Amino acid sequence: MSRLRIFADTNPATPEFDSRDGDAIAAQLQKIGVTFERWHASAPVEPGATPEQVMDAYRADIDRISAERGFKTVDVVSIAPDNPKREEMRAKFLDEHFHKEDEVRFFVAGSGLFTLHVDAKVYEIECVKDDLIAVPDGTLHWFDMGPEPHFVAIRFFTEPDGWVGHFTGTEIAKQFPRYAPEKPHKAS
């Protein structure tokens with residue numbers, strides 16, 4: 001289940017806000033310019049589906065958000081717990097960074113933790129199946145896929161080479177807990 005916790009950036013122990021309600025999550029994130037939506041497939045997505053089958057199941061939403069935000073390319077990324085490069089992949093974006101284009105992800109299956117650092121607050125968003133998150137360009141954040149990553153996500157890009165992390169060099173991400181899903185997520 002999706003979850004948003006908001007902390008003061010100086011107090012990683014006690015959240016000021018904690019909710020699993022999708023509407024409450026969307027309302028809180030909207031205040032900082034982040035979009036949070038729930039999507040539903042127009043057809044079942046079976047385990048082992050090709051990227052084309054995944055995108056076809058969400059075509060109406062993909063086309064809508066691409067038109068609204070000017071995305072030029074869309075792809076599907078799939079990470080499994082047995083991936084031999086999982087530790088390297090996890091470590092890639094664990095430190096605070098930003099991108100020069102929006103980071104938009106839709107979770108077809110599995111989960112991951114986006115953590116945003118905005119105005120002396122830390123927004124910890126657990127995204128799960130059917131969640132779309134759109135993080136505006138320039139927003140400081142980090143992403144944790146967990147020690148045994150399992151997710152399938154649709155990614156949106158305005159420029160194929162524009163999605164590069166620019167790291168801040170701060171240690172704030174290390175002050176907050178790493179992602180450990182409450183229970184394993186099964187492919188959907």
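We number each residue from 1, going along the chain as drawn.
Glycine is no exception: its Cβ is also placed from the backbone N, Cα and C atoms.
Worth saying up front: this structure is predicted, and the values here are computed from it rather than measured.
Taken from Swiss-Prot as is:
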type	residues	note
BINDING	His97, His99, Glu103, His141	Fe(2+) binding site
BINDING	His97, His99, Glu103, His141	Ni(2+) binding site
SITE	Glu96	site 'May play a role in metal incorporation in vivo'
SITE	Asp102	site 'May play a role in transmitting local conformational changes'
SITE	Arg105	site 'Important to generate the dianion'
Mapped onto three states, the DSSP assignment of His141 (Fe(2+) binding site) reads strand
Filtered by Cβ under 8 Å and at least 6 apart in sequence, the residues in the chain of Asp102 (site 'May play a role in transmitting local conformational changes') near it are Arg69, Ala134, Val135, Pro136, Asp137, Phe156, Thr158
Per DSSP, three-state class assigned to Arg105 (site 'Important to generate the dianion') | strand
Can you tell me the three-state DSSP label for Glu96 (site 'May play a role in metal incorporation in vivo')?
-> coil
Residues close to Fe(2+) site centre defined by His97, His99, Glu103, His141, Cβ within 8 Å = Phe93, Phe98, Val135, Thr139, Leu140, Trp142, Phe143, Gly165
Between Arg105 (site 'Important to generate the dianion') and His99 (Fe(2+) binding site), how far is it from one CA atom to the other, in Å?
-> 14
What is the interatomic distance between the Cα atoms of His141 (Fe(2+) binding site) and Glu96 (site 'May play a role in metal incorporation in vivo'), given in whole Å?
-> 5
Counting every protein chain present, what is the number of Cβ atoms, excluding its own, within 10 Å of the Cβ of Arg105 (site 'Important to generate the dianion')?
-> 20
Listed in sequence order, residues with CB under 8 A of Glu103 (Fe(2+) binding site) and six or more positions away = Ala134, Val135, Asp137, Thr139, His141, Trp163
